Amino acid sequence: MERVWPECTTRCRSLQHALDVISVVTRASEQHIKVFLSSYCCNAVTLKDDFGRNATHIAASCGKKNVLDWLITGKGVDLAVKDKESGWTALHRSIFYGHIDCALSLLKHGSNLYIQDKDGYTPLDLVMKDRPPHIVFKTSDPTELYTWGDNVNFTLGHGTQQSKHHPELVEMFPRSGVYIKQMVLCKFHSVFLSQKGQVYTCGHGQGGRLGHGDELTCLVPRLVEGLRGHPCTQVAGAKDHTVVLTEDGYVYTFGLNTFHQLGIQPPPPNSNVPRQIQAKTMKGKTVLGVAAGRFHTVLWTKDAVYTVGLNGGQLGYLQDPNGEKFVSCPRQVSALHHKDINITLVSASDGATVCVSERGDIYLLSEYQCKKLASKQLNLKKVLVSGGILEHKAAPEHLKENGGQPASVFALDQAGRVFCWKSPGSSLKQCWWVYGRQLFMSDVALNKNEIMFVTQDGEGFTGKWMLEKKKKENTISNIMCHSDSQNVYEKISMQKLPFVHRAVSVATDPSGCNFAVLQSDPKTSLFEVPSVSSSVFAEDFEKLLNEANETDSIHDVTFQVGTKIFPAHKYILALRCDFFSKLFSSGEINSLDFPEVHQKGEDAAGCDLFVIEKIPPELFSHVLQFIYSDTCDMLLQGHKPKLWHKEENENTIICNFQKMGFREDIEGKSAYEVYKNSRICAENEKQKGKTKQSKKTRSIGDETSPVKMLQNTAKKFGLSNLSSRLDGVRYENGRINVFHKKSENKLRFNQKKCSSHYDVMMKSEDGKEFHCHKCVLCARLEYFNSMLSSSWIEASCCSQLEMPIHSDVLQVILDYIYTDEVLTVKESANVEFVCNVLVIADQLLIVRLKEICEVTIAERITLKNAAELLEFAALYNADQLKLSCLQFVGLNMGALLEARSLDVLSDDVLKDLSEAYRKMIPSMNKRIITPYLDGPDISILQSEDIESLISVQDDIYSYQITQEATLKKSKAKPKKKQRKRLDSSGGYNLSDIIQSPTSTGFVKPEKTNSVESLQDLLTSDSEGSFVGASSPRDLQSPDLFPVFTHETKETICVERNRSSPPVANGAASTKMPIPTTSSPKAIPMSRITPSTSPNWVAMPCSPASPVTMDLRAIMELEENIQKCGAMPKLNAGGTKPGTHVMKLSQKQRKMMAMSSKESNNENKPAKVTVAPTTIKSPAKTWAAAFHLGENKSFRDLLLEEKQSVTSFPSLSSDVKKSKHTEELDPSELARRPSGTLNQEAKLKCDVPNQDNSNPWHLTLSKNNASSAPVTFTAIVEEEEKQEAALIRSREKPLALIQIEERAIQDLLLHYQAIDNPEEYITIERAAQIPMATPMWNKH
């Protein structure tokens, strides 16, 4: 498109321009958008429409990632700009519309992930709100524990004393498959309760507070063995002791007992193991809950509360008149002993205890009093207390006078509201969150400095009380806060916790130094789980048996049963059948066991051949089928077995024949008489044995049953399993009836057994050797079947088989091949190892093993490795794993975006992730920005600015069609021409030409006139044209089509029809297209009639003025000037446009000259065609010209060569002069011998930077006779140089090629050639010197 300077400046604020920009961004392609934004307006990237949206907002909303990157890197747009409608940045919009690839690009360029919109939502909040509605986080779900803090006393459970600034996963629990449901953090230790009721502790063990029976420090959580047999439901802890409640309602305590807080009688100083509290006051009572403070322990039942420990005012009792400071046995709080009272919640701190009844009454036990704080607070979910003031006289060595903090009580109801009471004397108030949006809580934790919250959406927050300021009277805020005296709020400022997105519970220690949050397992809602296909183990070996033949290289034993041959495999037979194991190990079998088997030499493949007699081949086939696949047709319901009567009939006939005998009494009798006598004898014998036969009828019927026959055969071979399974099978009405099906054993092989039958040895890349069996490898894997059963070198190699696989992975592959199971993979916790197995399984096409690996990896997906596994699955075509990873990433998008874990993904995978994420959210179907069609017309951009890219594709397509048409025409045309061939040993074959590689170009000829030239080449005289070629294969295959370059050459193709008569003038005109230029516009064609003289016409001209020359002279002159791209003319007939010139010897050129001279003497009209061609091949100095000179003898040529050697050095000056346009007389050019033309063309080809002046106004050359012929020695030298250049190019090292490729790519980036709408830049290797054409040598 012609560049139009914009009518605005860099401060343009035109609303119309903004609308046009947004319209183009919504509907145009990325390339067109860049062109439009660069040329339409000087301020196009920052203009905003009525809604405050700019080009960056719309590009992020439409998923135009390339445009977005171009705006950020090239235009430097501000990513923090918000729109007017919602206050959204480009990051908000990209996430809202589901374009995760754009969101990651924005994050990489510094976009703020925590910036809030008008409603207080950050981009992460949008992800959270888009979570599918079926995902609800519960404490009963599988969970993960995250902790952070100063970790001074090893209370976080990470195994180190290093502090954690952000929530980090406690990896001990996921590794052991433990899910936590409650955690308690104290100053010196932490307590964790699993969902199965097991208790884990870590921290400092002084005093036995960990319950492990010692006082050692535990860096990671350790199971309390004393409670292993007692499933627990609740835990509580304080600074020095721990309290545990079991499912049976029993309470166990352990730790220091300084203040008698353990409740054990008699009070010990401490307890290193859990001990049960056994108090007479609680006999028959079922404890529902426990709580603990530093100085006391609280237990409660349905209707009573019991406390024990130091009485500093928090136990709910009055001071003891006898001065007793400790309560050693649990004692009921009498102040809460009301009628019909039901205790639901209890909590304790160091200096206070709070209780909640079923009626909603809240009581505070502090300062020796029981205060009722509120009533009718129904549906409370949790209550907490912090602080409290103790009487320092109760423990002067531990308490300070006027020490402690005022008590604070927090209550959480089922609706997610939080109520607060602060001492002294205030009322219960609802908390008011100072945050951008409304929050509803699901859990709360309290310490002396702040409050920890978990919302119903899984978010985590920390809150602090806001200091009250003096408010002016009659202000709006004052009116809002005091409009209702009963609805006063407690303001709490909120700050969101990072990396918390699926929280269900939160905990903190009393001092606020360490924290813990319980999050739902990220795989909880994952339903795209890989599956493993059914096993094909038995089918593989049954296929091996069916495909075995006597000539393959896999079988190693053959059995001849009757007239049938059964190739088999010794390892499988010996492992599955004891009979064959003995047979192969000893070489012979005991005649008493099986007298019908004997060895009979070798088969056709040189394997052992055994003959088995007195067994039908069909029965033996069933036996082999069972051995190989652990089943056979006789065990299938409804099978119709064959009955084997043929052998019995044959035996009867033979027996009768033997009974007839050859006695002398039958001599001279007819056959009828002999037959009649034998029949009479047979009837007599039948009558005699009638009674005996009736007794054996039943046994004979059993013997003829195929099931019984197979069962007897199985017993002979020692197949007890087959025999026992046939007991549940009957043969009824010609079918198999299975009335009792016994359980089948899984078919498995053992690699280490039958070591005498090893025939393959594999060697891993780390040098470990594995002995294997060829038959098992070939049966299980097509990879080994193709390698070992064919004529590859591996099949006949006697040494070990080198496998580029590590020994650990190779062992897994072999275990799967032999057993169809991979316990090593299923039990492995190393995901990288399983991934390595999957890679090898993918390479060896082991589909089922790959599926097993996918299932194992999917079970081990975490937030840390999800992105890497997704990239891995996409790389190795693990489709099931990829679907699991895509859904996992989509369900945990917020956590992964905040952790920047998705930065490792490639662009293609990010595009797939964006599509999967949009499909996961149903509302994404409605979030589509409709293209604005009222903007400027961008069709001009498509037709002009991007025309070069489109025209190149069109040229390729159209010229391919032209090539196909030319080949079809060349096949049909030879029938019309006379073939003149003196010797069939030379020349080209048509098949060789058609099968030769063609060079594609960007030329669109109007008409292809090279067919005649092709036929002339095919039918040319082999002696005159290709003398010296021993066979057609020794010649280089011609390239029928030109090669593309940026330069455009012209070639004159002269075609003579040797058999057809002259054509009348004007009968057929030939189009002559002008050579193409860089401009896409077409140039009018000029015509020439066949009546044009075939000879060059010399026109009178003046040396002082340019002369209009004949077209043919101009074209030949242009050809000589640009001889680097000229065509060789093999004879007077036509030539091929753009063919690669082949190498001709001196004798060949001489014979060509002779044949061309004879053809030139014939006065026949010629058709002249000018075809535009583009050549990128080096010039050939021996290229023949159009007008060949007179024929000379070999002696004359030698004399001429000697003379030219002496005068050749003087050509340098002439070569320099040839850089400029020469003044050449066309008549003199026509009379000049061909050798001179060739020499001049050669010299001009070597001169770079020729002046491409107008060919219609060329001046004549004044010194056109100072040229010398090229010698034969120079031709040979140039041949050697070109051959050396070809060798250097062929032997160029790969490292150097890669460096060149890298340099090309760097240059393309430097000049911004990729997707550049303004200019088209290409970078290619430049050929330094001419190079010989590579040729294939036939060996």
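Quick reminder: no glycine exception, Cβ is built from N, Cα and C everywhere.
Look at Swiss-Prot and you will find 51-81 tagged as repeat 'ANK 1'. The average per-residue pLDDT of the prediction over the repeat 'ANK 1' (51-81) is 94, rounded to a whole number.
What Swiss-Prot lists as repeat 'ANK 2' is 86-115. If one looks beyond the repeat 'ANK 2' (86-115) by at least 6 residues along the same chain, the residues whose Cβ comes under 8 Å of a Cβ in the stretch are 56-57, 59-65, 68-69, 72-73, 79-80, 121-124, 126-127, 496, 893, 897-898, 900, 902-903, 905, 907, 910-911, 913-914, 917-918, 921, 924, 927, 929.
Same-chain residues lying 6 or more positions outside the repeat 'ANK 3' (119-154) and placing a CB less than 8 Å from one of its CB atoms are 86-87, 89, 91-92, 95-96, 103, 113, 160-170, 173-174, 179-181, 183, 187-189, 192, 195, 202-204, 217-219, 435-437, 442, 457-459, 499-505, 509, 513-525, 891, 893-894, 897-898, 920-921, 923. The repeat 'ANK 3' feature in Swiss-Prot is assigned to 119-154.
The DSSP breakdown of the repeat 'RCC1 3' (249-302) into helical (H, G, I), extended (E, B) and coil residues amounts to 3 helix, 22 strand, 29 coil. As annotated by Swiss-Prot, repeat 'RCC1 3' applies to 249-302.
The annotation domain 'BTB 1' is assigned in Swiss-Prot to 555-636.
According to Swiss-Prot, the compositional bias 'Basic residues' annotation covers 689-698 (among others).
Annotation comment: Swiss-Prot describes 758-826 as domain 'BTB 2', evidence class sequence analysis.
What Swiss-Prot records for 970-980 (among others) is compositional bias 'Basic residues'.
The annotation compositional bias 'Basic and acidic residues' is assigned in Swiss-Prot to 1214-1231.
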Task: Could you tell me what the rest of the chain brings near the repeat 'ANK 1' (51-81), counting residues at least six beyond its ends with Cβ under 8 Å?
output: 18, 21-22, 25-26, 30, 33-34, 37, 44-45, 88-91, 93-94, 96-97, 99, 101-103, 105-106, 109-112, 115, 907, 914, 929, 1315
- request: Work out, from DSSP, the number of helix, strand and coil residues along the domain 'BTB 2' (758-826).
  value: 35 helix, 10 strand, 24 coil
